[in-house]
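Contents: one structure, followed by commentary.
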Amino acid sequence: MAFVKNKKHIIILPIFCIFLFINFCQPLVMDDFWRSNINALYNSTILINLYHDYFHWTGRMSAQIPVYLFFNKSYPFSIALINFINAFAMTSLIIYLYKNTIKDKYNVCSKSFIIYLSLFLLYFFNSRFIATATWKTAGIQYLWGLSLLVYIFNKLYIKNISQRFASVIYGIILGCYNEAFFMVIFTIIFYYIIFEITSRKKLNINTLFFFIPFIVSGILLIIAPGSYVRTGGILDGQTLFSYLISHFIDFIILFTTKLELSVPFLLSIILTLIYEKDTKSKVFICLGLTSISFTMFFIMFGLSTRVEMIYMVVYFYICCKYFLNIRLINHLKYLYLLCLAIVAFYSYQLFSAYLEMGIDNQIRNQEIIEYQENNIKDAVVSNYFLSKQNDVYYYELAPFKSNWYNQQFAEYYDFDSIVAEH
């Protein structure tokens, strides 16, 4: 047993290490600087900022708390903590998503795990999920919530462990996390409850202890004045009916053209129809997937990759749930070797892309240190020329001082201004 556990650690540790490496190579970018400049922990203004968010910005609470705890320019070491948290969150997402998919046949030292890992890297690398999750703001706001969600699903539903108090806490946290999380989780639980009741089955003991505080917390999110700040001017002179019609058309076009969403959605529906044996389960899963996808219509401020992340995880889970349980899959020798090659290829892609960015970031840091040591307040730094720009999350500084990103960057490093050579 100890030998088996050691083998599992040998597999899991390199996964954690490569994600820790790319997180350390990922520089601060965009919102990272703005949030660090708030310096909430150092200034003892966490509660003030949460109040401002609830009433005047996003309405979110639980997703914002770690932001104010770890983004503080007066505590540079906290960025290293974010790197560890994000690497741990990504590793947990990989492992627990696999556990949920394979259930009682869980074994990371297996061909099945290699096939799963190759699919994970193939999908989440090319959809820019990994690049977005490595961006520190998205990681600390979205990735850890996703990791918590798949962990909760494993403990409370797959293993059916009775955790009433923990269920209440989880419900409170995820209910006020963000709009996408609330709508997706609500839809899943709604269909689960209806399915169990109509099947005359006993509800999982954790469901009510999770669902009631989840709903209360979600209502607080929905009625938050800050939730409507960014959508306040969306009508722009239109009637509500005409806006909803145009928005629905835009939603259909957007969903169908975003291949990272539409393709796995269709694939999950097809695999469910083919491999789900129980007719009632087949109907409920397809209805659930369709309803979950339709919740994107209610996200009025646009579908960025970080918002899409929870939908990607749902589609991927359903696809793997059926694909990995096809008996023939684990007996195809050459498929296993192909998947091993895919894992090696994307591991190299991650390593090389982030190594290049990490080296360039070190060069820039050295330039910044030289400016600071010479007390130069108007800095001009070298431009990044990343050969694998599409594989990472990075925005370059503008060549002019008035750019918002440049201003936040300059404030973080105590410059009056900063520009990048172009």
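Glycine residues also receive a Cβ, built from the backbone N, Cα and C atoms like all the rest.
Database features, via TrEMBL:
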- 12-29: transmembrane segment (TRANSMEM)
- 75-96: transmembrane segment (TRANSMEM)
- 108-126: transmembrane segment (TRANSMEM)
- 138-157: transmembrane segment (TRANSMEM)
- 169-195: transmembrane segment (TRANSMEM)
- 207-228: transmembrane segment (TRANSMEM)
- 283-303: transmembrane segment (TRANSMEM)
- 309-328: transmembrane segment (TRANSMEM)
- 335-355: transmembrane segment (TRANSMEM)
Stretch among 12-29, 169-195, 283-303, 309-328, 335-355 sharing the most Cβ pairs under 8 Å with the transmembrane segment (108-126): 335-355
Highest-contact recorded stretch vs the transmembrane segment (335-355), from 12-29, 138-157, 207-228, 283-303, 309-328, CB pairs under 8 Å: 12-29
Feature contact check the transmembrane segment (169-195) with the transmembrane segment (207-228), CB under 8 Å, 3 or more pairs: yes
Considering the transmembrane segment (283-303), which listed stretch of 12-29, 169-195, 309-328 counts the most C-beta pairs under 8 Å: 169-195
Same-chain residues at least 6 beyond the ends of the transmembrane segment (138-157) whose Cβ lies under 8 Å from its Cβ atoms: 23, 62-64, 66-67, 70-71, 82, 85-86, 88-90, 92-93, 96-97, 99-100, 132, 163, 166-167, 170, 173-174, 177-178, 181, 185, 204, 206, 210, 305-306, 309-310, 313, 393
